[in-house]
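Take a look at the structure below.
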Amino acid sequence: MAGDRPDNGNGNGDAGEMPTVAPVDHARIAAAVREILIAVGEDPDRDGLRDTPARVARSYAELFSGLVQRPEQVLTTSFDVGHSEMILVRDIEMFSLCEHHLVPFHGVAHVGYIPGADGRVTGLSKLARLVDVFARRPQVQERLTSQIADAIEEHLGPQGALVVIEAEHLCMSMRGVRRPGARTITSAVRGQLRNPATRAEAMSLVMADRSR
Ligand SMILES: Nc1nc2c(ncn2[C@@H]2O[C@H](COP(=O)(O)OP(=O)(O)OP(=O)(O)O)[C@@H](O)[C@H]2O)c(=O)[nH]1
Ligand SMILES: [Zn+2]
């Protein structure tokens with residue numbers, strides 16, 4: 001129901017400035033949170049909780065800001081540096097919310113690509129911003145990984161792309177199966193990086209010297 005999505009908040013709907021919060025329905029979230037507090041046996045009117053429903057609404061506007069951001073809004077900058085080999089930004093800290101329990105999963109993303117034949121590259125920080133665009137949504141790790149790879153492929157026109165995410169899911173750590181420390185690793189490769197030799201080289205860069 002993309003048509004029912006709130007506007008992206010910048011009023012023009014183009015690839016201009018990126019909204020940092022989603023225009024969520026604050027009153028509705030606050031009312032729902034108040035109901036949850038009552039349902040778990042809390043007193044939503046006690047001192048410490050009185051402002052919590054409104055705080056959660058503001059927090060969700062930020063945590064779900066990716067719902068109103070588009071990858072082309074971050075992949076705007078490109079430089080002609082004539083580099084047509086692998087570029088990898090490793091250990092990009094990332095936080096997301098699992099769509100099953102709405103609790104965090106967090107870890108690192110490694111994002112790499114081989115520029116197109118024209119040798120144009122994007123700014124390094126844009127790869128970290130791209131991770132946030134898709135992480136700040138209700139997510140599963142597999143979709144997050146492939147959406148980042150697809151966006152690089154679509155908007156940078158590279159010869160290849162590789163995304164690896166390593167994350168701990170708090171829904172597996174603090175509840176449910178209760179296995180703190182278990183890490184889930186997902187990868188997505190596109191273009192030339194599907195080639196086993198190129199992929200192996202990229203993965204060796206991702207895994208190199210992990211003790212640091
Ligand atoms: N594949 C995948 N599964 C996820 C992700 N995040 C959470 N899950 C899993 O989603 C599943 C939901 O399972 P359900 O049986 O519907 O829910 P549940 O009863 O709360 O499951 P438990 O977590 O096992 O207590 C769990 O196995 C979670 O570990 C993710 O990013 N990818
Ligand atoms: Zn979960």
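Quick reminder: no glycine exception, Cβ is built from N, Cα and C everywhere.
Note that the structure is predicted; figures quoted are calculated from it, not measured.
Per TrEMBL, region 'Disordered' is recorded for 1-20. Summarising the annotation, TrEMBL assigns domain 'GTP cyclohydrolase I' to 29-206. The Zn(2+) binding site feature in TrEMBL is assigned to CYS98, HIS101, CYS171.
Same-chain residues that are not part of CYS98, HIS101, CYS171 yet have a Cβ within 8 Å of the Cβ center of the Zn(2+) site turn out to be LEU97, GLU99, HIS100, LEU102, VAL103, PHE105, HIS169, LEU170, MET172, GLY176. DSSP assigns CYS98 (Zn(2+) binding site) to a strand segment in the three-state reduction. In sequence order, PRO104, PHE105, PRO138, GLN139, VAL140, HIS169, LEU170, CYS171 make up the list of same-chain residues 6 or more apart from CYS98 (Zn(2+) binding site) whose Cβ falls under 8 Å from its Cβ. For HIS101 (Zn(2+) binding site), the same-chain residues that are 6 or more apart in sequence and have a Cβ closer than 8 Å to its Cβ are CYS171, ARG175, GLY176.
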